[in-house]
Amino acid sequence: MNKGTRAALARSKSIDHQLDAEREKKQREIQLLVLGGAGSGKSTFIKQLRINYGDGFPELEREKFNHQVHDNVVNAINTVLDQMKTLQIPFDNEANKKKAAEFQERNPKISFISLLNQLPDDEIESTKGANCLMSTTELTKRFAYVNLKYNGLQTADIEIVLNIWEDSGVQRCYKRRAEYKGNILSNGEQYFLENMKRVLAPQYIPTLQDILYIRRPTFGVIDHYFYIDDHAYRVIDVAGQKSQRKKWIHFFEMVTSILFFVPLSEFDEYLEEDKTLNSVQDSLQTFHEVSHNQYLERTDFLLFLNKYDLFVEKLKWKRLQVCFPDYDDNNTPEACVKYIRELFHQHRPCHKHVYTHVSCATDVSIMRDILSKVLDIITEINLRKAGTF
Ligand SMILES: Nc1nc2c(ncn2[C@@H]2O[C@H](COP(=O)(O)OP(=O)(O)OP(=O)(O)O)[C@@H](O)[C@H]2O)c(=O)[nH]1
Ligand SMILES: [Mg+2]
């Protein structure tokens, strides 16, 4: 064997070795796929993992969410200003009417649905990196693709929006938000409007609570990596919007468990992308389809009945019957959640184990307890899968 052949053989052995190591690492990695409709709380759940088991969002990382908070303020104020026209509420100060119109022209509402629909169909990307959410650079790149300027609010517009917000006509319209039709203000948007002075201040750095309340739909697929108790976790976050769900199947074969999110409080709401589909009914249908998928026959599911805080509030004035006409028990959160939980369990294949958690993904202390239980369950599933249990 000449020198060149020996060197080539050594290189090939080394590549084989690397591939084996990579394969072994992949086999040991616990892979969690987080599924559920748009806005059900998937990414917020992953932020909680990062808070409890990742870097915890140090200040330098939190700063990167500044623009996302501004985007949420822009969308929220646009909604209130639009509703002033619908509800025919005048500005208290006539000059604000003109300022508001100019502000809206410069800062129109960002429609994430249309942005998602403009992304190429084969957009399946993953962002690797130590416990990181999609970087601002990556987002800027993607938004540039869909022609959205991503600069946050200009200083002059910050002053204008703060002034407009003080107008008593705008405040009256905000107080009547329960009457908004079609375009409701989300819980997070209300939070940012009520904290507007703080979040638009010059040296503002988002707090953990701010980060948990941000609404920024997931584009494509994002990988997150965590190392917890000597286990490597890959947590896969996907977009929940209907047109994006065909990408989910790409990950079915290799996952340890599916984490499925249901937005409990949306039992009287319809999908943004399809106004004929009730949100919780859609979740039930999707859960049925996914849990019966042939590639997931032996995969256990963790079901999160999420947004329980908003669910409890809504049940004070809305009956669960609007979503489930057959439901005739009392309207307490306990009875209602029990009913929904049973419905989901009826929709699973009977051999499949489904571990259920009633959650509030924006609440750090509730999620700390839930996450610890979830990780115990996942470790157990992983051991069982490896055949050592
Ligand atoms: N009050 C409350 N808000 C929640 C809860 N879970 C999520 N949210 C809010 O709901 C919004 C949507 O949450 P996301 O985590 O972005 O939803 P998603 O499932 O990742 O949505 P897509 O990426 O579009 O598929 C955010 O503004 C969160 O702050 C909850 O349990 N309670
Ligand atoms: Mg998301």
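Every residue, even glycine, has its Cβ placed from backbone N, Cα and C.
Copied from TrEMBL, the annotated features are:
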{"type": "REGION", "residues": "1-22", "note": "region 'Disordered'"}
{"type": "COMPBIAS", "residues": "13-22", "note": "compositional bias 'Basic and acidic residues'"}
{"type": "BINDING", "residues": "SER43, THR218", "note": "Mg(2+) binding site"}
{"type": "BINDING", "residues": "212-218, 237-241, 306-309, ALA361", "note": "GTP binding site"}
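Everything TrEMBL records as a feature, shown here on the structure.
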residue	record	DSSP class
SER43	Mg(2+) binding site	helix
LEU212	GTP binding site	helix
THR218	Mg(2+) binding site	coil
ALA239	GTP binding site	coil
ASN306	GTP binding site	strand
(request) Taking a cut-off of under 6 Å between Cβ and any atom of ligand 2, tell me which of the binding-site residues LEU212, ARG215, ASN306, ASP309 pass. (result) none
(message) For the region 'Disordered' (1-22), give me same-chain residues lying six or more residues beyond its boundaries with a C-beta closer than 8 angstroms to one of its C-beta atoms, as numbers and ranges.
(response) none
(request) Can you grab the distance from THR218 (Mg(2+) binding site) over to LEU212 (GTP binding site)? Cα atoms, rounded to a whole Å. (result) 14
(message) For the C-alpha pair, I'd like the distance in angstrom between SER43 (Mg(2+) binding site) and ARG215 (GTP binding site), rounded off.
(response) 9
(request) Run through the region 'Disordered' (1-22) and tell me, per DSSP, how many residues are helix, strand and coil. (result) 20 helix, 0 strand, 2 coil
(message) For SER43, THR218, ASN306, listed as binding-site residues, tell me which one has the smallest number of other Cβ atoms within 10 Å.
(response) THR218
